[in-house]
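J.: Questions regarding the structure given below will be posed in turn.
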Amino acid sequence: MRWRTILLQYCFLLITCLLTALEAVPIDIDKTKVQNIHPVESAKIEPPDTGLYYDEYLKQVIDVLETDKHFREKLQKADIEEIKSGRLSKELDLVSHHVRTKLDELKRQEVGRLRMLIKAKLDSLQDIGMDHQALLKQFDHLNHLNPDKFESTDLDMLIKAATSDLEHYDKTRHEEFKKYEMMKEHERREYLKTLNEEKRKEEESKFEEMKKKHENHPKVNHPGSKDQLKEVWEETDGLDPNDFDPKTFFKLHDVNSDGFLDEQELEALFTKELEKVYDPKNEEDDMVEMEEERLRMREHVMNEVDTNKDRLVTLEEFLKATEKKEFLEPDSWETLDQQQFFTEEELKEYENIIALQENELKKKADELQKQKEELQRQHDQLEAQKLEYHQVIQQMEQKKLQQGIPPSGPAGELKFEPHI
């Protein structure tokens, strides 16, 4: 199952089930010193959402490929570079007809989904002159030239697209967090402008008080340090801190027993530290900031420990990290409340962008209002013309009656009264 771990861990899917043929590595610990250790029931663990717009397609393709014995055996021996380079994609030519048929169907469904997205985009832009094929080429995780067949090119493109997109995923999350904080500050300042001086001072005072309350928390251990891991060992694992053993710790927290600590398994180690700073019940604690803090901690530990940069921590890498001086005597960890997310210049630039966007929206709203008013004017004009027409018809009918001429029917034919 190592191929699946490598591929999906690298792509952040982190599928945590093993092939039934593989057995978990036994954990060598003194059972007399372990408290409250309960056997974990076997269960299918759903892979987390990668955040990619083709996440479901990626998962389905991997699930189908896993059912082919030949392909699975080839990939069990693969390393990350072989998977990333696309050399293994050629093995797709040897999978069973049944598997290829399923992959073909998945691709047709994905192409159909993308075309629906494009249609929705075109409808929203009302740009009939836009080239559909050019839009389709924006999606680089499949081969558009053959929309009905899943080929080795498709697998190669899917792996490379996921690898590239997810390598930039953390950076994108940091940028989105920064925008979130700037928007928060922008909205706070805009709200203050609506208040009188007395109310404004009250709000400013409350804001400063909330900041102080949030900053008043226990010391946060440096992520990945001995103190931090020992705290997890004692409080989460229920073990004696004097018996702390890095090798045992690694095996305890390698939840799926695949020989690696993946990003989700690492992030789980920081929960106790984050709970010192963030409480969802407290008004002053922002849970969005907590997730940013978790991401920063994980990135820091990965940079320090993951020497081959494959986004996975092996037991060897983990043990080497525990031999470093920084493991025993780390620098103090600066939490987000000790940092400035943006400068005044950056906030000003962001507010200018918001103002431009608001102006564009206002222009569109004004245009729509004008169109609505014009349509209403035309409607009223048509109604007036209809009324005038009916009045003229009625006057003509009355005049004919006065002259003794039979009234005409809807088609202009004369109506005669039957003689009895």
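Positions of Cβ are set from backbone N, Cα and C atoms, glycine also.
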J.: Among Ser85, Ser89, Ser257, which is the one flagged in Swiss-Prot as phosphoserine?
T.: Ser257
J.: So one of Ser42, Ser332 should carry the feature phosphoserine according to Swiss-Prot; which one?
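T.: Comparing Ser42, Ser332 with the record, Swiss-Prot tags Ser332 as phosphoserine.
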J.: Determine which of Glu299, Glu317 appears in Swiss-Prot for the same Ca(2+) 2 site as Asp306, Asn308, Asp310.
T.: Glu317
J.: Examine the ranges 145-167, 398-420 and name the one recorded by Swiss-Prot as region 'Disordered'.
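T.: Feature region 'Disordered' in Swiss-Prot: residues 398-420.
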J.: Other Cβ atoms within 10 Å is the metric here; tell me which of the binding-site residues Asp254, Asp258, Glu265 scores highest.
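T.: It comes out as Asp258.
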J.: List nothing but the one residue from Asn256, Ser257, Ser332 whose Cβ has the fewest other Cβ atoms within 10 Å; the candidates are the recorded positions.
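T.: Taking Asn256, Ser257, Ser332 as the recorded positions, the minimal 10 Å Cβ count falls on Ser332.
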J.: Could you count the residues of the domain 'EF-hand 1' (241-276) that DSSP puts in helix, in strand and in coil?
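T.: Helix (H, G, I), strand (E, B), coil: 23 helix, 2 strand, 11 coil.
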